[in-house]
Amino acid sequence: MIQTSFNRRQIISLLFLAVIGGAAANILPFIFASFSLVFDIESTATLTTAELFGICVSGLTFSYWRNRLSLKLSCLLGLLLFISGNGITMAADGDFNITLFARLLCGLGAGIVTSHAFSIIGNHKNPEPLFALVLVAQVIWSAGASFVMPALSESVPLLSFSFLLVCGLIAIIPMALWMPMPEKQNEDLEDYQQTPLLKRLKWIVIATTIIWYAALGLFWADSANRGMDMGLSATFISSIFAAGYLASLTGNGIAIYLANRFDRSYPMLISGGVHLMVYFMFYLSTSGDDKWIYAVAVLIYSVSWAIFTPFQLGLYSEFSVDGRFAAMFLPATVVGMTFGTQFNGLLGEDGKMILATFFMAICLGCYAYVFKRLPQFYGELEEQYGSDALNDENYSQV
């Protein structure tokens, strides 16, 4: 049964878990920078990869262990893994093997709590506004981390991880007190998840997410370096990206507004199409004379990403009666970003632009196909279970 409402305290607890759980992905540049003060570049890359690997393992196995532990116990375990991993990282004193083990623990813990948070939000009747709030919280938290973690690293390189440790400790309180418990599902409808059409659409959505984030890892991840190659100052680039963070908050507000008035297909496809325009603007930015084209591209991207992502997450809620499929989003993004960043170092600027644009165009076509076929799925569902299967107490339609 679809969750119809959360109270304010339950929303706060979900925001804490979603933000803490997404730590490795959201503040990866600052984690990478902290490790680079102690380890060489290869070791630093291995440590961050281990953390991302842990997130993937937790997300991919979520459906298996989800019902084997109580919700609060599982989230507490995830937070304790996250806290322990950061504590061990600081105590390891630069020992690579111990630090590697610690970052794997952090990734596993982050994946557990994020999977639960995304699953519960995905089970809501109208998940997009809640996912938009998650992005708002993550942007604010990432902005704070961008100031706190480098400052802590100035005195002791790995002291920056105390910030993550403290945040994990704080998150235990709202989780323990206010964590919403999922409503009992309609077991008679569980087998609809096994229909051939729905299985095909699920795989398309997962594959499209991977390709989409491969495109982001391929081109957007290199956007700051592109500004430096253009001869722009570090101050100018930092200022533009800071403005982009603020602009993304506007995009989240727009997403909340649109989610309450339109189905997800139009905002998602239009904002996704804007990404293609942004890549073309980056392609036109080749020298310092084009710095304002570059700046506008960063701002437009920040807004379009903030609009697109809540609807992209919300689409996952269509494919299970209990929201568990939304837990697949994070591992799919991590896999995509990993592939994209690997291609990044192998291709020139023209090659990255062409491949990223090609990936994006494929993704938009796949999303359009999914939106076109979903009514057929709902028709099959109604034919098999009756019109009551499609009421607001069970499903939210595209």
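Using N, Cα and C of the backbone, Cβ positions are placed for all residues, glycine too.
As the structure is a computational prediction, the values presented were derived from the model and not from experiment.
Over in TrEMBL, the protein carries these features:
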- 12-39: transmembrane segment (TRANSMEM)
- 45-66: transmembrane segment (TRANSMEM)
- 73-92: transmembrane segment (TRANSMEM)
- 98-118: transmembrane segment (TRANSMEM)
- 130-152: transmembrane segment (TRANSMEM)
- 158-180: transmembrane segment (TRANSMEM)
- 201-221: transmembrane segment (TRANSMEM)
- 233-259: transmembrane segment (TRANSMEM)
- 266-286: transmembrane segment (TRANSMEM)
- 292-313: transmembrane segment (TRANSMEM)
- 325-347: transmembrane segment (TRANSMEM)
- 353-371: transmembrane segment (TRANSMEM)
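Segment contact holds for the transmembrane segment (325-347) and the transmembrane segment (12-39), given three or more CB pairs below 8 angstroms at sequence separation of 6 or more. The transmembrane segment (12-39) shares the most Cβ pairs under 8 Å with 158-180, out of the stretches 45-66, 158-180, 233-259, 292-313.
Highest Cβ pair count under 8 Å relative to the transmembrane segment (98-118), across stretches 130-152, 158-180, 201-221, 266-286, 353-371: 158-180. Of the Cβ pairs linking the transmembrane segment (266-286) with the transmembrane segment (130-152) and spaced 6 or more residues apart, fewer than 3 are under 8 Å, so the two regions do not touch.
Long-range neighbours of the transmembrane segment (292-313) within the same chain, counting only residues 6 or more positions beyond its ends whose Cβ lies under 8 Å from a Cβ of the stretch, are 118, 121-122, 127-129, 131-132, 135, 209, 212, 220, 223, 226-227, 230, 232, 240-241, 243-245, 247-252, 254-256, 258-259, 264, 267-268, 271-272, 274-275, 277-278, 281-282, 284-285, 326, 329.
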